[in-house]
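As recorded in Swiss-Prot, the features of this protein are as follows:
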type    : residues                       : note
BINDING : ARG45                          : O2 binding site
BINDING : HIS49, GLU55, HIS93            : Fe cation binding site
BINDING : GLU55, ARG97, GLU107           : substrate binding site
BINDING : CYS122, CYS125, CYS159, CYS162 : divalent metal cation binding site
Amino acid sequence: MPLPEPLNIKAWVEENEHLLKPPVNNFCLHRGGFTVMIVGGPNERSDYHINQTPEYFYQYKGTMCLKVVDEGKFRDIYIREGDTFLLPPNVPHNPCRFENTVGIVVEQDRPKGVNDRIRWYCARCESIVCEEEFYLTDLGTQIKDAIVAFDSNIEAKTCKNCGHVNSSKREPAEF
């Protein structure tokens, strides 16, 4: 099989930006060994993803905020247009994408036996509310399925520490 031609990101985004809107917000450009996604904004997710492999971010258009838990403390990392960032393994993170932004994310395929986690923290007291662990084979469906399951389960959404009922959605981020 001959090698594919290079992809012009600018032209692709101009032709396909409609694919980068809610509810999906992303398009997989490549699968096999690693996944390359183009991701648009805005998004509303409140969950934190934890994977045991690094995750690479390149911000093509606009600014995004990568919410992380860094050594037990919540912190925001702003990745501006033209910036790149390599997130180390096992860092809880929530990529907040603003309106009219486009980024590229690269994730390594998970080795057998290496599970991902999706975690929700309480919006009021920051305690862990719920955490699900799974072997990730399809970024496009499995995280969405976990979010839908969380949002439909009042017990999973209720903080055991303070009683606050949380949501899978947050207010759309603005910069």
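Each residue, glycine too, has its Cβ placed from N, Cα and C.
Overlay of Swiss-Prot annotations on the structure.
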residue : record                             : CB count, 10 Å
ARG45   : O2 binding site                    : 19
HIS49   : Fe cation binding site             : 21
GLU55   : Fe cation binding site             : 19
HIS93   : Fe cation binding site             : 19
ARG97   : substrate binding site             : 28
GLU107  : substrate binding site             : 19
CYS122  : divalent metal cation binding site : 20
CYS125  : divalent metal cation binding site : 12
CYS159  : divalent metal cation binding site : 20
CYS162  : divalent metal cation binding site : 13
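Comparing the residue listed as 'O2 binding site' with HIS93 (Fe cation binding site), their Cα atoms are 11 Å apart once rounded.
DSSP gives CYS162 (divalent metal cation binding site) a coil state; it is part of no helix or strand.
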